[in-house]
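Undergrad: Following this message is one structure expressed as structure tokens.
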Amino acid sequence: MMIDPSKKYRPFPPVALADRTWPSATITKAPIWCAVDLRDGNQALVEPMGADRKVRMFQLLCELGYKEIEVGFPSASQTDFDFLRQLIERDMIPADVTIQVLTQAREDLISRTFQALEGASSAIVHLYNSTSTLQRRVVFALDRAGITDLAVRGAEMVREGAAKASASTKLRFQYSPESFTGTELDYAVEICEAVMGVFEPTAEAPLILNLPSTVEMATPNVYADQIEWFCRALPHRDRVLISLHPHNDRGTAVAAAELALMAGADRIEGTLFGNGERTGNVDLVTLGMNMFTQGIDPGIDFSNIDHIREIAEECNRLPVHPRHPYAGDLVFTAFSGSHQDAINKGLHAMEKTNQDVWEVPYLPIDPKDIGRSYEAVIRVNSQSGKGGVAHILERDYGIRMPRGLQVEFSKVVQAITDTTGEEITSRGLWKTFEETYLGAGSPYSFLEHHTRPDPAGKDQRILTATVKAGGKVRDIDGRGTGPIEALVDALRKDSGLAITIEDYEEHTLRPGSDAQAVAFIKASLPDGRAHYGVGIDANFVVASLKAVLCAANHLSDK
């Protein structure tokens, strides 16, 4: 039995911001992105990346277009130090990419950080210390003044180290009041202002103030309120870039980041697919693709999402969930019958109108935009309906079933999937269609036919069809204005099966002079029973005659 949560947990206090403006704001451009897979992401892995995996991840991030990449904590890890030296000494950092390194406010760590950066063309030195009320009390046993002193002394040491560094390295600075969301807002402004006093940023050379939701503690709107409150209260706002670093403890990191952008932030730190401590960092792929679907260029190349996922899984040794937004195996897949029908109609409408704007029910994005095909969009199981079955047969085999046949055949498929409890593949669907319609050879199996004018009737023809029935080959004869009517007459004379043709459709299976034709016949009996028949042949007439016999065979069996 669950405990009473009111006895153990307290609600997060709201931010006093009655005149908040972010709810009416709109995201119109991508932020500055900083990928932290090689630090925040790596430290959360069961098996942290070795040198080869780190290089592969770094190369992927560069290929995608990330221009700021946090590469590690070189002063705290020999592995990170060696990796950074490898990137620099082997000239592996593109000219337009700035690396970022993390350091705490300790002289020995800061000195080691600058050693690691020797020879880099450009870098961001990221200084941080925790400022939350909880950590001040429990971890550091320091008051506000003591924590501010740590930050200021750290900033001074970073600036001194920068003064001694090679002039060939273009340095920028970043400060994070770690656990920002658990810090009193007035104190967050106070400590950041103190650090600004050391770095003396300008509008041309701004300081990055990174405001982490180190542990997600409230609903996304609260983070947005905190960011807007901070941006308003901070002096010289034009001299800083406000950076976000959301975590996903409550499952709303993406929403928190988006609302905080609306509240005035300029930059976001995150990881591919949200890898990171506990429930992860904010997912840069989802954030970027969310913007893409709103017509905003994220500035990142997600055109081959499966390749991105493959490398991320290889480097992190963690799978991406099948339902992960945009990248999961099943995110564009519909099993539901009503969804499949709507998607099928939407794709047909797009093809017919040839419009530029994407509008397909249940598909917020064209899968082709991220390197996916339509093949996995519709799959068939016991929850599926006629729309999904029809879509797959048309997409993979060129069969455009009439609506009535869609209903009829979907019942056959439903019976199979209900029995097996499993998905039926495209190949399995085609096999079932063949067995149900194209292989329905009892009692009649078509072999050949010929027609001739009927001397006894104007506009009438006599058809002789050679069929195999009961294991024997024989001819059946009938009269009619055309081959179909004549074959119906022949069946009535031969077996007494009095069918009426209710509907007839035909089309070619593919363009070209050698294309095969497919014919669909709906036939009924006087007692109201009806069934479809299907025939395929290089000749339209033969295809239609095969379809008549197929329907007759089904009605004979009933």
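Backbone N, Cα and C define each Cβ position, glycine as well.
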Undergrad: Among Asn221, Asn281, which residue does Swiss-Prot annotate as binding Mg(2+) together with Asp40, His245, His247?
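TA: Only hit among Asn221, Asn281 in Swiss-Prot's Mg(2+) site, alongside Asp40, His245, His247: Asn281.
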Undergrad: According to DSSP, does His245 (Mg(2+) binding site) sit in a helix, a strand, or coil?
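TA: Going by the DSSP assignment, His245 (Mg(2+) binding site) falls within a strand, counted as strand.
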Undergrad: Within the region 'Regulatory domain' (440-558), how many residues are helix, strand or coil going by DSSP?
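TA: Summed by class, the stretch gives 31 helix, 53 strand, 35 coil.
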